[in-house]
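*Asks:* The domain 'J' annotation in TrEMBL covers 38-94. Residues annotated as compositional bias 'Basic and acidic residues' in TrEMBL: 172-214, 221-235. Among the features that TrEMBL reports, region 'Disordered' is placed at 172-246.
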């Protein structure tokens with residue numbers, strides 16, 4: 001029985017293909033696990049990245065997770081999230097908003113560190129000696145970048161919650177105004193219908209009043225009216241009979 005010859009190149013290509021597919025799947029998982037409000041995370045970029053960096057990184061990662069090249073069942077979703085992240089960071093207004101929150105996060109962390117340095121005399125002296133150089137190096141450290149990433153998440157979440165609450169209030173107010181407007185329209189509609197009905201019966205009412213006035217002024221011919229009563233005694237009513245003279 002002959003020995004089967006194994007092609008090393010084929011094994012290597014197969015292995016690389018498998019590794020490539022695993023990397024694609026991992027990238028899909030990474031993108032979908034990113035904080036949804038931070039497009040820098042989706043593109044795996046630092047906060048000081050330029051727009052050119054954004055475009056280059058998007059092209060690189062999008063080729064990895066493109067649904068035509070990646071077999072992961074959520075590749076389409078990851079590709080869409082990546083495209084949205086690029087769109088946000090290339091929009092000046094959206095980018096400025098996010099960077100404003102990043103700046104706020106940095107300021108909070110700097111204030112926190114200053115408080116810590118006041119408690120730690122050795123660190124305080126070291127900081128003064130380095131004249132700020134130490135702090136600059138610290139902000140480039142992995143530790144600070146992790147804290148910054150978490151703080152940015154916190155601030156963006158808070159801002160988004162405030163935005164949604166405001167949107168809810170605006171929506172509720174708009175709903176109330178629409179309801180009031182509808183009730184007002186309905187009231188005026190009923191009033192107008194009533195006026196139209198009243199005006200429609202005007203001739204009939206005028207005619208009835210005229211008939212009443214005619215019938216109430218004179219008695220009909222041949223009709224005897226009762227004699228008028230005179231009252232001498234306030235407690236007794238009677239008909240005064242004519243008194244014969246002499």
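Cβ from N, Cα, C; glycine included.
I would like each feature placed in context: is it buried or exposed, what are its neighbours, and how far apart are things?
*Replies:* Residue counts for the compositional bias 'Basic and acidic residues' (172-214) under DSSP (helix as H, G, I; strand as E, B; rest coil) come to 42 helix, 0 strand, 1 coil.
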*Asks:* Can you check how the pLDDT averages out over the domain 'J' (38-94)?
*Replies:* 93
